[in-house]
Amino acid sequence: MPRTKITVPDIIQKKQRREKITMLTAYDFPMASILSKAGVDMLLVGDSANMVVAGEPNSLTATMEQMIYHTRIVANALPVSLVVGDMPFMSYQLSSQQAAENAGRFVSEGKAEAVKLEGGAEFIKEIEAILRCGIPVMGHLGLTPQSVHKFGGFKVQGRDEAAAKKLMDDALAMQDAGVFSIVLECVPAELAKKMTESLDIPTIGIGAGPDCDGQVLVTPDLLGLFERFTPKFVKRYAHLAPLIEEAVKTYIDEVKTGKFPSEEHIYK
Ligand code: KIV
């Protein structure tokens with residue numbers, strides 16, 4: 001039976017049914033098609049694109065134009081998976097109006113079905129403004145990479161009691177505001193478990209242990225396509241970079257030796 005389009009209510013119901021949720025990042029049409037066909041629930045057009053596609057050292061220089069472009073070409077795959085666009089640094093932090101306008105662009109220009117933004121209770125007003133426009137919002141707590149300079153690097157968050165309490169309070173405030181799920185990044189597993197048990201909405205973990213309602217990974221990490229660095233929480237399910245290199249070496253060799261193009265690839 002063909003799978004039917006996954007919606008925001010479907011994601012919330014999965015938690016109620018205790019069904020694990022899967023999310024992967026996607027940045028373009030071909031990968032979005034494959035990931036959707038494989039059965040992933042949500043495609044996150046993450047601002048990690050700035051690192052794993054554009055080669056920048058962090059996500060801070062990602063722009064609205066870049067993110068809308070990636071979101072639109074992911075949506076063009078017409079995935080069964082829910083498409084979530086990631087709001088880049090300084091696209092929502094300044095005011096409710098800015099947040100709503102830019103979230104609206106993700107939907108009207110990027111064809112996103114939801115947006116994600118980083119940060120806790122301090123952005124409740126911005127989250128509410130986006131929700132008032134009818135745009136579902138996914139939260140993101142813990143190691144929020146857009147605050148990398150404040151954290152002094154990509155470090156596990158919520159280790160001491162005060163920080164753990166702030167994360168829990170932030171999550172509850174965001175749930176009350178109406179977010180439909182929350183990414184927990186680099187949070188101790190025990191704390192992520194407590195947060196997951198305290199919330200009615202799903203938690204999607206990345207480096208947050210096995211008890212979150214779902215998991216997310218950066219697809220080029222999972223596929224072994226991004227080799228600059230690999231965080232501890234990544235499991236590599238394939239190593240495609242050397243396979244691609246081998247295929248391209250064969251192509252170069254066949255062009256040089258005249259083996260390609262052969263009869264079957266020539267028009268007559
Ligand atoms: O940008 C991204 O890919 C993300 C995930 C790591 C959750 O925010």
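Just so you know, glycine gets a Cβ as well, placed from its N, Cα and C.
What TrEMBL records for E185 is active site, proton acceptor. Reduced to three states, the DSSP call for E185 (active site, proton acceptor) is strand. Using a 10 Å Cβ-Cβ cutoff, E185 (active site, proton acceptor) registers 23 neighbours.
Annotation source TrEMBL lists Mg(2+) binding site at D47, D86, E118. Around D86 (Mg(2+) binding site), a 10 Å sphere centred on its CB holds 28 further CB atoms from the protein chains shown.
For D47 (Mg(2+) binding site), the same-chain residues 6+ apart in sequence whose C-beta sits under 8 angstroms from its C-beta are S59, A62, M67, D86, M87, P88, F89, P145, Q146. Per TrEMBL, 3-methyl-2-oxobutanoate binding site is recorded for D47, S48, D86, K116.
Of all Cβ atoms in the protein chains displayed, 24 besides its own lie within 10 Å of the Cβ of E118 (Mg(2+) binding site). Non-local neighbourhood of S48 (3-methyl-2-oxobutanoate binding site): T25, S59, D86, P145, V218, each in the same chain, at least six residues away, with C-beta under 8 Å from its C-beta. Geometry remark: E185 (active site, proton acceptor) versus E118 (Mg(2+) binding site), CA distance 10 Å.
All protein chains considered, the CB of K116 (3-methyl-2-oxobutanoate binding site) has 26 other CB atoms within 10 Å.
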